[in-house]
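Annotated features, as they stand in TrEMBL:
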ACT_SITE  64  active site, proton acceptor
BINDING   65, 68, 70, 72, 74, 86  Ca(2+) 1 binding site
BINDING   162  substrate binding site
BINDING   192  heme b binding site
BINDING   193, 245, 248, 253  Ca(2+) 2 binding site
DISULFID  33-114  disulfide bond
DISULFID  66-71  disulfide bond
DISULFID  120-321  disulfide bond
DISULFID  199-231  disulfide bond
DOMAIN    23-325  domain 'Plant heme peroxidase family profile'
SIGNAL    1-20  signal peptide
SITE      60  site 'Transition state stabilizer'
C-alpha cells in the first residue's frame, strides 16, 4: 500500500527525537580521531586484565552518570572549594576507582593523539560497551558525539538513582521518569550479573530483617549463613562486600536471573524483581533465554547511552575528565 508523500512526512515528523540525539553519529570521530575506538579498546583490555573488577565498576559508573544529568561524564568531575560534585554524593561514594581510572587513562592517550577532540562522556560510553563485551556480554553499537556536561552537583543526585530499599513502585516510577519501561528496567538491572555490593547495602536482610526474623527468610539459608559470616565486621569495615552473582561473578551472563528464584538475590531490590508480578515474567524469560536478555540489555543500554546527552550549546570537550575547562561555581 502506497502512502501519499504528505502522510509520510507527517509520520516522520511525529517520531519523537531530541536535538541532542540527532547530532550523534556512529562515525563521529572518523576524520577527527580515527583511532578513537582502537585506543579505548587497548586501554580497557590492559586495565581489565590487570584488575578484573574494572568491567563491573565501569558499568556501574556509566549507569550512575547517565541517570543524573544525562550521559555527560558529570560523575567524573572532582569536588573543589567552590562545589561538591556528584561523585561525592552519598550513593556515589562506593563507586569503584577502576572505572574512573580506565577513562582517565584513555583520555590521556587520546589527548596526545587528537587533542581537544574526544569527550570524556564518549570515552565512558564506549569503554563500558567494550568491557561488557570483553567479559562475555553482548556487543552493541554506540552513537558518538556527546559533549561533557558543565554541571556536577552532589545535591542533584538523590532521587535520580535507585536505592536497594526502594519499593517496586518507586523503582518503576524512577525508571519511568527517565523514559524506561518495566522490561527495560529489568534488563538494565541484569548488569548485576557482574561485580559486587558492599555489605552495608544488604545488612538489614541479614541481621535485622524484622521482629520475627533476624534474617530475611526468602534468602537461601546456606547463602544467608555465608553472608552473615562474610559481613560480620561490616560496621567497622565499610569495604566488606559480596559478589552479586555467587556463581559466575566475573562473567556477563544470565546467571543473575537464574539465581533470583533460588533465593540467591543479594539486594532487597534484586529479590523484589522475582516477587512482583510486573517484573517476574521478565526475570523468568531472561533466566531461561540468555539471547533474549542480551538483546534487551543491548537495546536498553543504547537508549540509556543517549539519555540527556549534551551538545555544543550546553557542553564542552574537557581537557581533563575530572575538572571543567573553566571554574564552575
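First residue shown is number 1, and so on along the chain.
Backbone N, Cα and C define each Cβ position, glycine as well.
TrEMBL does not curate its annotations; it predicts them automatically.
Feature annotations (TrEMBL) mapped to structure.
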residue	record	Cβ within 10 Å
60	site 'Transition state stabilizer'	21
65	Ca(2+) 1 binding site	31
66	disulfide bond	28
71	disulfide bond	27
114	disulfide bond	16
120	disulfide bond	30
162	substrate binding site	18
192	heme b binding site	25
248	Ca(2+) 2 binding site	18
253	Ca(2+) 2 binding site	19
Candidates 33, 64, 66, 253 (recorded positions); nearest Cα to residue 199 (disulfide bond) turns out to be 64
Residue 321 (disulfide bond) to residue 74 (Ca(2+) 1 binding site) - Cα separation in whole Å
9
Just how many other Cβ atoms lie inside 10 Å of the Cβ on residue 193 (Ca(2+) 2 binding site)?
29
Taking the centre of the Cβ atoms of 193, 245, 248, 253 as the Ca(2+) 2 site, the remaining residues of that chain with Cβ inside 8 Å are 194, 247, 249, 251, 252, 254, 255, 256
Let me know the most crowded of the recorded positions, choosing from 68, 231, 321 and counting other Cβ atoms within 10 Å.
68
Restricting to the domain 'Plant heme peroxidase family profile' (23-325), what is the model's mean pLDDT?
96
Residues flanking the Ca(2+) 1 site, with Cβ no more than 8 Å from the Cβ centroid of 65, 68, 70, 72, 74, 86 and excluding those residues themselves:
64, 66, 67, 69, 71, 73, 75, 149, 152, 308
